[in-house]
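What TrEMBL says about this one:
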- CYS161: active site, nucleophile (ACT_SITE)
- THR17, GLU50, LYS164, ARG231: NAD(+) binding site (BINDING)
- PHE47, LEU48, ALA49, GLU50, LYS105, PHE150, LEU151, ASN152, ALA153, SER154, GLY158, LYS224: substrate binding site (BINDING)
- 217-341: domain 'UDP-glucose/GDP-mannose dehydrogenase C-terminal' (DOMAIN)
Amino acid sequence: MIADVSKSNKIVVEKSTVPVKTAEAIEKILTHNSKGINFQILSNPEFLAEGTAIQDLFEPDRVLIGGRETPEGQKAIKALRDVYAHWVPMDRIICTNLWSAELSKLAANAFLAQRISSVNAMSALCEATGADVSQVSHAVGKDTRIGPKFLNASVGFGGSCFQKDILNLVYICECNGLPEVANYWKQVIKVNDYQKTRFVNRIVSSMFNTVSGKKIAILGFAFKKDTGDTRETPAIDVCKGLLGDKAMLSIYDPQVSEEQIQRDLSMNKFDWDHPVHLQPTSPSSMKQVSVVWDAYAATKDAHGICILTEWDEFKTLDYQKIYDNMQKPAFVFDGRNIVDVAKLREIGFIVYSIGKPLDEWLKDMPAVA
Ligand code: UGA
């Protein structure tokens with residue numbers, strides 16, 4: 001389409017995260033249809049995160065622009081650099097060749113996800129040894145070579161990017177005959193899956209080895225706070241795991257609609273790529289799910305609570321009131337380490353918080369079935 005409508009030379013900028021060498025494919029298509037017009041392809045990957053997009057755009061850690069190393073390529077890079085120079089300091093604008101720019105985006109997301117899988121792997125060891133993962137993260141992050149960000153243990157990373165981009169990287173490694181490198185990155189996803197399974201198993205084993213027919217309140221469904229996005233959210237796998245053992249789920253998320261939750265739980269993995277009207281819903285498992293609009297309604301008469309998104313409002317709930325309205329023993333499984341464990345234990349809850357020293361109740365229960 002660009003080739004069809006172009007009447008003069010054009011710079012085409014890739015913003016989407018793409019497999020390495022996509023620019024080459026775009027270049028070939030445009031050049032073969034060019035009618036003498038010159039096209040320069042630049043790679044300018046996007047690094048903003050959901051929930052902080054505007055801030056990330058105004059004050060980026062860096063802007064990356066990749067282009068051909070020819071005089072025309074360098075001229076195109078300069079044209080785009082001049083646009084960013086209106087608000088981004090020059091030393092934060094990095095200019096590279098095309099393939100470095102495309103690969104750097106995949107590498108950055110893979111490194112971020114790897115940090116989370118590293119700390120999540122540590123969280124399992126913390127639970128086994130009596131160490132506290134928050135203290136370990138804090139101590140490790142104080143090393144300026146490592147840094148403090150992105151070291152929060154969780155029930156697993158989600159979102160539309162990390163898993164997709166790592167699988168993309170794995171595929172490129174395999175295509176280039178690098179199976180060892182591919183396996184190294186695959187492990188980041190395997191640990192993420194392990195963390196979700198481990199969480200479900202903790203719940204089931206704590207609650208007398210079955211959650212069948214028990215009401216479990218799910219607080220938070222989005223993949224992180226301050227967004228209603230549920231793509232690849234760990235909540236889907238945790239809920240499906242509990243539904244598999246016939247739990248009754250009462251779900252509350254401040255931003256996610258009932259329709260979205262129903263759709264997510266009735267779809268097979270990767271179905272979200274298909275048009276909504278083609279997605280099948282399975283009414284049988286949905287009978288076990290209710291979506292409510294308040295944390296107190298979700299927890300009323302529940303046997304256990306799972307916190308799956310770190311929404312601020314979950315930190316300030318009236319947990320005494322919640323406890324009074326629950327079945328006993330009352331359990332809290334905190335997948336985001338946001339509750340005050342000591343305070344909740346004082347109220348009477350049995351508390352599991354990822355990577356924290358275990359409640360006496362949980363000590364002899366197996367973490368993984
Ligand atoms: C991510 C990257 O952070 C952005 O730089 C990138 O531009 C974007 O993907 C993209 O490729 O489009 P995003 O998916 O919006 O951004 O969210 P993140 O803030 O990175 O969080 C991803 C997941 O990791 C969430 O489920 C979050 O809860 C989890 N997480 C994050 C942890 O479990 N622990 C942490 O310490 C940090």
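A Cβ is built for glycine as well, from the same backbone N, Cα and C atoms used for every other residue.
Between the CA atoms of ALA49 (substrate binding site) and the residue listed as 'active site, nucleophile' there is a gap of 10 Å. Per-residue pLDDT, averaged over the domain 'UDP-glucose/GDP-mannose dehydrogenase C-terminal' (217-341), rounds to 90. Screening the recorded positions ALA153, GLY158, CYS161 for a C-beta under 6 A from any atom of ligand 1 leaves GLY158, CYS161. Neighbour density for PHE47 (substrate binding site): within 10 A of its CB lie 16 other CB atoms from the protein chains shown. Within 10 Å of the C-beta of ARG231 (NAD(+) binding site) there are 18 other C-beta atoms, taking all protein chains into account. Checking each of the binding-site residues THR17, LYS164, ARG231 against PHE47 (substrate binding site) by C-alpha distance, the shortest gap belongs to THR17.
With respect to Cβ neighbours within 10 Å, the recorded positions ALA49, LEU151, ALA153, CYS161 differ, and ALA49 shows the lowest count.
Counting only same-chain residues six or more apart in sequence, the Cβ atoms lying under 8 angstroms from the Cβ of LYS105 (substrate binding site) belong to THR17, PRO45, GLU46, PHE47, LEU64, ASP165.
DSSP assigns ALA153 (substrate binding site) to coil in the three-state reduction, outside any helix or strand.
When the Cα positions of THR17, GLU50, LYS164, ARG231 are compared pair by pair, the longest gap among these NAD(+)-binding residues is 16 Å. DSSP assigns ARG231 (NAD(+) binding site) to coil, not to a helix or a strand.
Comparing ARG231 (NAD(+) binding site) with GLY158 (substrate binding site), their Cα atoms are 7 Å apart once rounded. Take PHE47, LEU48, ALA49, GLU50, LYS105, PHE150, LEU151, ASN152, ALA153, SER154, GLY158, LYS224, the residues named in the record as contacts for substrate: the widest Cα to Cα gap among them comes to 23 Å. Within 10 Å of the C-beta of GLY158 (substrate binding site) we count 25 further C-beta atoms, all protein chains included. The Cβ centroid of THR17, GLU50, LYS164, ARG231 marks the NAD(+) site; residues of that chain outside this set whose Cβ lies within 8 Å of it are GLY159, SER160, CYS161, PHE162, ASP165, GLU232, given in sequence order.
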